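Undergrad: Have a look at the structure that comes next, please.
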Amino acid sequence: MAGKFPDCLRINTNNDEAILIMKSTREYYEDIMKPFKIRESLAPCLDFCPVTLQKPSLTADVRVKDFPVFSHTVPDLVYFAFEIFRGHGLDEPKLSALLDMVSKNYFQTTPFHNFWHGFSVMQMIYCISERNTKLSEFITNKEYTYLLLAAIGHDICHPGMNNSFLIATKHELSIKYNNISVLENHHSSVILEMIKISEIFQSKTLKKLSPIILEAILSTDMARHKQVCDEYTNTLENFDKTIPNHRQKFINYLLHCSDLGNQTLDFSLASIWSMKVLQEFNYQVACEENARIRVSEFMRTGNNMIKVKNSQIGFIENIILPLWNGLAEYVKNIDDFPEGLKKNKKRWEELQEFE
């Protein structure tokens with residue numbers, strides 16, 4: 001299903017273990033130039049096995065905005081995900097096995113695009129839905145289930161490098177998908193194949209959910225940002241829930257918002273996510289230089305605090321805040337999300353160094 005990266009892109013690193021050990025933002029900042037292990041193949045492992053989920057020793061309320069995701073292990077998050085899906089009328093043994101398989105196909109050595117991120121995006125949608133009667137004003141109950149599945153699988157098998165990198169290195173996936181939304185097409189293909197294998201839905205339902213999940217995940221491609229925003233704005237001005245395409249545009253936008261939602265969180269969480277994505281950016285720059293391909297200079301911050309700060313301030317100001325303002329214009333009870341962005345922008349502006 002997916003090919004390997006060329007040997008020239010391998011930078012020596014012994015960092016084979018999962019890197020999401022609970023640390024301070026300062027410690028993550030010190031890792032910002034550290035290489036990480038890239039999986040040789042982006043092909044999924046499709047072993048579907050019965051599992052017994054263990055209740056986490058540390059309990060947490062999955063309905064809260066600032067969910068303490070870094071305090072929990074992958075098995076913890078699988079259990080919490082199972083709790084979120086309870087009540088959706090799904091076969092529980094099959095659901096447990098599906099969520100376990102999804103978690104194992106996120107690469108734990110990838111700093112940002114890992115299962116902690118996949119879970120967090122889904123949990124953010126759940127948090128918003130709990131404040132808004134399961135989003136019933138905008139989508140059907142079944143579509144809400146499909147949206148949560150799209151969210152938890154939206155970055156599955158992500159290598160920590162972006163589409164431009166896969167295209168420039170002529171990765172097999174870029175050839176397969178004609179250089180169009182390469183990773184998003186792959187994520188969609190993988191999660192839909194896993195849903196099919198799980199037999200959690202009948203074939204008739206699979207045909208209905210597949211295009212919904214595919215379009216939703218494709219909408220997380222930043223190359224489609226303007227299109228997703230324009231379609232949402234035009235649709236919501238005259239929204240009609242009885243029109244399937246209207247519901248789809250809302251799904252697309254909400255998933256896109258949540259994918260870019262970590263800076264809405266408390267700064268203690270938001271700043272850690274920032275360090276993780278910048279570690280991926282810096283390593284991609286190093287790999288591009290090593291492969292002698294065009295370097296993505298906009299991703300290069302190094303450990304220069306001014307560049308780190310400016311990257312986050314600019315992203316909040318130009319991309320994320322307008323995005324979330326658009327969501328809050330129509331979705332009730334979420335003003336604390338754009339407010340969180342404003343507070344964090346100010347924190348980044350005032351920050352001198354991490355404690």
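Including glycine, each Cβ sits where the backbone N, Cα and C put it.
As listed in TrEMBL for this protein:
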ACT_SITE  His113  active site, proton donor
BINDING   His113, Asn114, Phe115, Trp116, His117, Asp155, Asp259, Gln312  AMP binding site
BINDING   His117, His154, Asp155, Asp259  Zn(2+) 1 binding site
BINDING   Asp155  Zn(2+) 2 binding site
DOMAIN    25-355  domain 'PDEase'
Undergrad: For Asp155 (AMP binding site), what residues in its own chain, 6 or more apart in sequence, show a Cβ-Cβ distance under 8 Å?
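TA: Once residues fewer than 6 apart are set aside, Asp155 (AMP binding site) is near Tyr106, His113, His117, Gly118, Val121, Leu183, His187, Thr220.
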Undergrad: Within 10 angstroms of the C-beta of His154 (Zn(2+) 1 binding site), what count of other C-beta atoms is obtained when all protein chains are considered?
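TA: Step by step: centre on the Cβ of His154 (Zn(2+) 1 binding site), count other Cβ atoms within 10 Å, giving 28.
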Undergrad: Return only the integer: C-alpha distance in Å from Phe115 (AMP binding site) to His154 (Zn(2+) 1 binding site).
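TA: His154 (Zn(2+) 1 binding site) has its Cα 10 Å from the Cα of Phe115 (AMP binding site).
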Undergrad: Specify all same-chain residues, apart from the site residues His117, His154, Asp155, Asp259, whose Cβ lies within 8 angstroms of the center of the Cβ atoms of the Zn(2+) 1 site, ordered by sequence.
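TA: Going along the sequence, the neighbours appear as His113, Gly118, Val121, Ala151, His158, His187, Thr220.
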Undergrad: Please report the number of other Cβ atoms within 10 Å of the Cβ of Asp259 (AMP binding site).
TA: 23
Undergrad: So the record assigns His113, Asn114, Phe115, Trp116, His117, Asp155, Asp259, Gln312 to AMP. If I measure every Cα pair among those residues, what is the longest distance in angstrom, as a whole number?
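TA: So the binding residues stretch over 22 Å, Cα to Cα.
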